[in-house]
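A short write-up of the structure that comes next.
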Amino acid sequence: MGKGKNKTHEPKNGKPQRGANGHSSRQNHKRMEMKYDNSEMTKFPVKLAMWDFDHCDPKRCSGKKLERLGLIKSLRVGQKFQGVVVSPNGNGVVCPDDLEIVEQQGASVVECSWARLEEVPFNKIGGKHERLLPYLVAANQVNYGRPWRLNCVEALAACFAIVGRMDWASELLSHFSWGLGFLDLNRELLEIYQQCTDSNSVKKAEEEWLQKLEKENQERKSQSKDEDIWMMGNVNRRDNGAQSDESESEEDSDQSELESDKQSIEYDSLGNAIGIDNVKSRKMLSEGSEDEESESGEDEEPVSYDSLGNII
Ligand SMILES: C[S@@+](CC[C@H](N)C(=O)[O-])C[C@H]1O[C@@H](n2cnc3c(N)ncnc32)[C@H](O)[C@@H]1O
């Protein structure tokens, strides 16, 4: 762990743990509590706090930036927080019913790496109101476009926005060049969550949104499949169609070969039709050449197929 407040300190000679300032953790705890009443904290209308595990690059870390701006306070492991704790360890999701808690006690986050969550002693941090965030999409430069994985300032802003304090959400995000983009990106969804009441109703709204996304995704896929077909003609008749399985394509190719051979049926000297054999032998040849083509074709131009065997 790095040099943050919450790096692990080994007890020496069985004596109580002491922080970097030489005070015992109990004394530090008192100091931290007192610091909350410090005038520094008036920079933001409510308490903002974080447990900082120093996992992240300080230059890119939104929590550290809020701390440098004097907007958020670091908490020590062992300290609990009275307000809403926006945490990967939460049970319910943040909901409009949390407004009172947020307005009276503030909000906090866990500043750590998503990749190192298992190192966070969640049982020694948190509070009575630990919450997850419902589906929202990150707008920060590290995880842009990624759902659920918000950074600390986005998580705090999301909490404020959901409980209806868009003013606080904007104020906090305005310190980041990309910040207000988070509210733009999630505007419609945030408005939906704001209409909810308790945690269950937010979960329900989230579920409906995800179903809508899934439906749109399916529609987009089938639309692009249709467009492909119009652009490329019947893809099952392409030379490398050997890979497009299914009886449909085999039937098609049989049919087309028969049709094209109708006029070219030849007869031997005894009057036997020999065109059918020719069709068969040509088909076998063409199958052989398809194999060769598909082998060499792999190197030249990789082709992928969807579940219906269409080239995508
Ligand atoms: C894992 S840290 C990553 C912080 C990042 N390094 C930064 O620069 O801010 C993000 C924190 O925001 C809160 N958070 C973000 N997305 C969340 C979600 N979907 N549910 C609950 N908490 C979330 C949690 O406190 C989480 O620990």
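Quick reminder: no glycine exception, Cβ is built from N, Cα and C everywhere.
Automatic, uncurated: that is what TrEMBL annotation is.
According to TrEMBL, the protein carries these features:
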type     : residues                      : note
REGION   : 1-29                          : region 'Disordered'
DOMAIN   : 46-80                         : domain 'RNase L inhibitor RLI-like possible metal-binding'
BINDING  : Ser62, Val110, Leu133, Trp148 : S-adenosyl-L-methionine binding site
DOMAIN   : 84-210                        : domain '16S/18S rRNA aminocarboxypropyltransferase Tsr3 C-terminal'
COMPBIAS : 215-228                       : compositional bias 'Basic and acidic residues'
REGION   : 215-312                       : region 'Disordered'
COMPBIAS : 245-258                       : compositional bias 'Acidic residues'
COMPBIAS : 288-303                       : compositional bias 'Acidic residues'
Same chain only, sequence gap of 6 or more: which residues have a CB within under 8 Å of the CB of Val110 (S-adenosyl-L-methionine binding site)? Met50, Trp51, Phe53, Val85, Ser87, Pro88, Asn89, Val120, Ile125
For a quick check of packing: other C-beta atoms within 10 Å of the C-beta of Trp148 (S-adenosyl-L-methionine binding site), how many? 14
To what whole number does the mean pLDDT across the domain 'RNase L inhibitor RLI-like possible metal-binding' (46-80) round? 97
Can you tell which of Ser62, Leu133 has the least company, meaning the fewest other C-beta atoms within 10 angstroms of its C-beta, among these binding-site residues? Leu133
Among Ser62, Val110, Leu133, Trp148, the record's S-adenosyl-L-methionine binders - longest CA distance, Å: 17
Where does Trp148 (S-adenosyl-L-methionine binding site) sit in DSSP terms: helix, strand, or coil? coil
Within 8 Å of the Cβ centroid of the S-adenosyl-L-methionine site residues Ser62, Val110, Leu133, Trp148, which other residues of the same chain have their Cβ? Val86, Pro88, Val109, Arg149, Leu150, Asn151, Cys152, Glu154, Ala155, Ala158
